[in-house]
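First the structure, in the form of structure tokens, and then the observations on it.
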């Protein structure tokens, strides 16, 4: 910028300002943040998301007591949603667009649905890229590949990927993995090429490119309190439900696996292990019921993952919704009652006249109904 904007100028202030600004380039230029893990979040995105969630539960008029009560509700709501997402992710299989791809099959088993969608998107975009092996020899033993896309007879998104097959290490110029923790399309393109040529280590995602925070097992790790004790075994007073929730998830995961294996077994083995399971469950419930008090059950209730039933939006909480035909029939009945009230009560002398009048009313009733 200095050479282009001030080629023959003696103004020193502009040069000094640019030089001074360059010293702080790591604060404002994303190019210098490629080596920092940001999970794809913008500078203020975390703060704005947190503020939006807090506004749903907290108000400026709340005192200190209400603050802690509503803040506890906020944490409970976030944990409930996280538990539901974790349950749905483990009980469902994401849609794989290319079923014959070993990389996508491996990713679908270990990553969460959101992260798998990002990896699958990068995988599909890599289809249109061209790969070319570089002929230069490096001292470190890594092999270089040039990845680029052709647009209007010109190269675009051109990157160099270095590969060390012995250690299954890949380094890309875009540094997407260092920033987002997700494999980029350039690295996937190289892995597909090497996997097609018989490199078994490249037919699945290497372990050092699998961040535990993006996997389905991310929540199964131990959580430590500020005093160093493990969360499930020593829940604190302010967070009494954390240990129960984690133990509930571990027990549910184990029982779900057992249920799936028993459902696929033959009738003889199923009846055998079902009897054993009933016996163990009865003994466990009897033993645990003696240690769990009614106060403990009320303090931290465990609710299922059932969704609330949606009410009819047209009922407004007053009465059930009525169709047009039903409304029309009720309207005719009301009009008929009004007509009946307007009829003068006949006397005994007008018996004959009244009988004829009633017969006419019967015809009118049949027409209305």
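Every residue gets a Cβ built from N, Cα and C, even glycine.
The shown structure was predicted, so the numbers you read here are calculated from the model rather than taken from an experiment.
If you look up TrEMBL, you'll see 161-195 marked as domain 'SWIM-type'. The region 'Disordered' annotation in TrEMBL covers 291-339. Here TrEMBL flags 307-328 as compositional bias 'Basic and acidic residues'. Among the features that TrEMBL reports, compositional bias 'Basic residues' is placed at 329-339.
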Quiz item: Mean pLDDT for the domain 'SWIM-type' (161-195), as a whole number?
Solution: 90
Exercise. Sort the residues of the compositional bias 'Basic residues' (329-339) into helix, strand and coil with DSSP and give the three counts.
Key: 11 helix, 0 strand, 0 coil
